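Undergrad: Let me begin by handing over the structure; questions about it come next.
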Amino acid sequence: MVNSKYSMCSSGWLQKHFKDQYVKAAQRQKLRSRSWFKLDAINRIDALFSTGMTVIDLGSAPGGWALYVKSKIGKTGRIVACDILSMRNISGVNFLKGDCSNPNISKILYKWVGQKQVNVVLSDMAPNTTGISIIDVSRSIHLGNLALNICRNVLMHRGAFLVKVFQGKGLDKYLCDVHSLFNIVRIRKPDASRSHSREVYIVAKERK
C-alpha cells in the first residue's frame with residue numbers, strides 16, 4: 001500500500017516536487033538530484049571530505065552525491081558507488097549495480113575498496129515506503145544497519161559515516177549502535193529535506 005498523499009505517482013506529489021525551490025535549483029544548475037543540496041549543507045557544517053579520500057556511496061542513483069563528492073576529493077580521490085537502480089556513468093566513479101545486502105555484491109564491494117581503506121561511507125538508501133510509519137521506519141533502520149555493517153568492514157580508523165534514516169521507533173537503539181563505533185555522533189536535518197519527511201541524517205565521525 002502506498003500513501004497517496006506522498007505517492008510519487010500522484011499529481012499532488014508531482015506538483016509539489018516541481019514547485020520545490022531545490023528541485024528548481026537542481027534543474028537550473030544541471031545537477032542530478034536535489035539531494036546534492038542536502039549533502040552540501042551537511043558538509044558545510046561537518047567537513048566530511050578532503051582531497052584524495054576514498055568514499056563509498058550507497059544508494060547512489062541518480063548520482064547527485066557522487067558528483068558532489070567528486071568535486072571535493074579531486075582527481076586523486078576515489079568513489080565507489082552502489083545501488084540496485086541503474087546510474088548514468090560519472091567519470092572517475094566506479095559504479096556497482098546491485099543490492100549491498102547480497103553477499104555476492106558486498107564481496108565485490110569489499111574487493112574494490114580493500115579492508116579498512118575507506119575514509120567516508122555515505123548511505124542515502126531509502127526503502128519503498130508504505131505510508132505505515134512502523135513498517136517504513138523499521139525498513140529504514142534495516143538499511144541503516146546494512147550501511148553500518150559495511151563501515152565495520154571497510155572504514156579506516158577515525159573515518160566518518162553519513163546515513164539517512166527515518167525518525168521513529170528503533171532510531172534510539174540505532175544511534176546507540178552508531179555510538180559504539182564512533183566517538184562523535186550528530187543528527188542533521190538540512191533545509192533541503194522536505195519538512196513533512198521523517199528523514200534525518202546521522203553524521204558519525206572518528207571511527208574507534
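Note that Cβ sites are derived from N, Cα and C of the backbone, with glycine treated the same way.
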Undergrad: Which candidate from Asp40, Asp46, Asp124 does Swiss-Prot annotate alongside Gly63, Trp65, Asp83, Asp99 at the S-adenosyl-L-methionine binding site?
TA: Asp124
Undergrad: Return only the integer: C-alpha distance in Å from Asp83 (S-adenosyl-L-methionine binding site) to Lys164 (active site, proton acceptor).
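TA: Between the Cα atoms of Asp83 (S-adenosyl-L-methionine binding site) and Lys164 (active site, proton acceptor), the distance comes to 15 Å.
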Undergrad: List nothing but the one residue from Trp65, Asp124 whose Cβ has the fewest other Cβ atoms within 10 Å; the candidates are the binding-site residues.
TA: Asp124
Undergrad: Of all the binding-site residues given, Asp83, Asp99, which residue's CB has the most CB neighbours within 10 A?
TA: Asp83
Undergrad: Give the helix, strand or coil assignment DSSP yields for Trp65 (S-adenosyl-L-methionine binding site).
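TA: The three-state answer is helix.
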